[in-house]
Amino acid sequence: MVQVAPVAAGAGSGQTRPSSDPKTGWFVYMLAFSAVIGGFLFGYDTGIVSAAMLYVPNASGIKPLDSVWQEIIVSITPGVAAIGSLCSGPGSDFLGRKKIIIGASVTFTIGAIICAAAWTKIILLIGRILLGLAIGFASMIVPIYVSEASPSHIRGKLVTGFQLMITVGLVIANIIGGAFSYVDPDQVGWRLMFAFAAVPAIIQFVCFLFLPESPRWLYEHGRTVEAREVLTRIYNGHTEWVDYEINEISFSYEEELRAKAEHAGNGPTIIRILKTPHVRKAMIIGSLLQMFQQLSGINTVMYYTGNIIRSAGVKDNHTTIWISVGTSAINFLGTFIPIALVERVGRRVLLLVSMIGVILFLIAMGVSFLLINNDSLRTFDQQNYTLNYNPSVKHAAKCLKYSNCDFCVTDENCGFCESKVAKKGYCLPFPSDDSSDYSATGICEFSNLTNNGTDFEWEDTYCHTKFTVLPIIIMVFYLLSFSAGYAPLPWVLNAEFYPLWARSTAVSVSTACNWIFNLIVSLTFLSLSQAATKYGTFFIYCGCTMVALVFVFFFVPETKGYSIDEVEMLFMTKEERRKAQKVLDESKEGKHRNSVAMSFDTKF
């Protein structure tokens, strides 16, 4: 287990930390808000694709759209975001944090317009690729920019604002999706859903034309006067805090130059990270945090909220979207929990408690879908599949093997023809014209359904069950638990873990891990639901989160109360800390130094 005693104030630079927190003005909040619009765009895209994909498969020029194409269109964005996050690290070191954020807002605007105008599935895919690049840029650089441009006493709160805006984006996406679902949704409404994303992207672009670069980046690139001016605005004119931050940044930069001299010829920053044990350790821990966050299934729940609600037994698309508004609103409200507590109870405790809640509600989600499966109507015996039934129709043999409605409708090629009299049904294949309103053969074939409409009902994605509301209620508590800590804290911790010279590259790697596993989880959800059942899928996510809980308990340190540069020492061995202390003492040329007192008792 990690045990860390407090680092002496000012342990990084030798400058005594001011005894009282500064009063912050409007500027720092305006700066942080403008940056975390990137989080809003992240959340909006995650939420709007869930609503839009209820209608995109019916759009002229795009249909037919099978589950593989749907998974590609949904999942290409997180896949490309992984590439974008990796590229934005070196890019932000060279061009600056501000320019990368501006580039992200421009790319997002173009991507939203292309998605809205798409007349084929390929064009829609291109738009989704551009959105992925923009989100990758923003998800990596926004937490870094906010952490480097925030007063240390509210840094955790402001970085948590990134996650808050993700949840705001989710809420707005579902509201916009609900509103536009009444405007010819199959041809026009889904286009308006995608187009709306250009509005906040343009707002962010305009804001950043007037906002400064990160003071740490400015100092590192020799623009020390500008760095001091920006810090003066951030700290609202409190010169003792400005001097303290300048000393911290100066010491960190001197250490970077020393490290570069020691590792001359080692090549790119990533090679230096891998050859520096304590930074390598921090990057591995940070990357695993991001990986485990995605393996909890969160973005599966976000991307496929509509599918999950329909699977629970809600048939109407409008109702599905408005229920999504409620669930995303709970997610938004839950984000205020870490904002209120992150600087009081610390990152580590909040993360552990949140993960325990996620585990419990993943178990409950799995149980709820198991109950739905057991309660769904059974299929007739095979010998009863006689009336107008053609066993040679494509997928007929596969549909025939399913024993109940839930198993049947989970397969994308099958629907359930329910007998209102017998309280059983037939599992029948969809027709080749991609219609979901009737079966390709059997009693619910178009002509038969018309003649026998009062006796039979065709269900394409859901089953009648008395447990309909249960998964929806559990999903609300799952999202509340997740947003209370597991959502923001991997981002907060990764923004704090690394020294200045490694920060952009290490955060790029950890963010890429988030997006890669986002891609893996979202790309496999529909297929996994068919192979392992819906309830089995959530039990798998639960198992992954249990492993994550053990990992966090033993390997993730508390960073509350430390400056960004002090956090680096939490990952050092005792011998490395002694050497670091010696360098600190020598750098002050005999001046009295506060000693560094801490222990990092763990094996990694």
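In case you wondered, yes, glycine gets a Cβ from its N, Cα and C as well.
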Checking the topology in Swiss-Prot: do Arg17 and Gly189 fall on a common side of the membrane?
no
Of the stretches 122-142, 158-178, 282-302, 536-556, which racks up the most C-beta pairs under 8 Å with the transmembrane segment (506-526)?
282-302
So for Asn58 (N-linked glycosylation site), how many other CB atoms are inside 10 Å of its CB?
17
Overall pLDDT for the topological domain 'Cytoplasmic' (342-351), taken as the rounded mean:
90
Can you break down the topological domain 'Cytoplasmic' (342-351) into helix, strand and coil residue counts using DSSP?
5 helix, 0 strand, 5 coil
Would you say the transmembrane segment (100-120) and the transmembrane segment (24-44) are touching, if the rule is that at least three C-beta pairs must lie under 8 angstroms and be 6 or more residues apart?
yes
Spatially, and counting Cα to Cα, which of the glycosylation sites is closest to Asn317 (N-linked glycosylation site)? Options: Asn58, Asn374, Asn384.
Asn58
List the Cα distance (Å, whole number) between Asn384 (N-linked glycosylation site) and Asn374 (N-linked glycosylation site).
22
Among the ranges 100-120, 122-142, 282-302, 321-341, 352-372, the one whose Cβ pairs under 8 Å to the transmembrane segment (469-489) are most numerous:
352-372
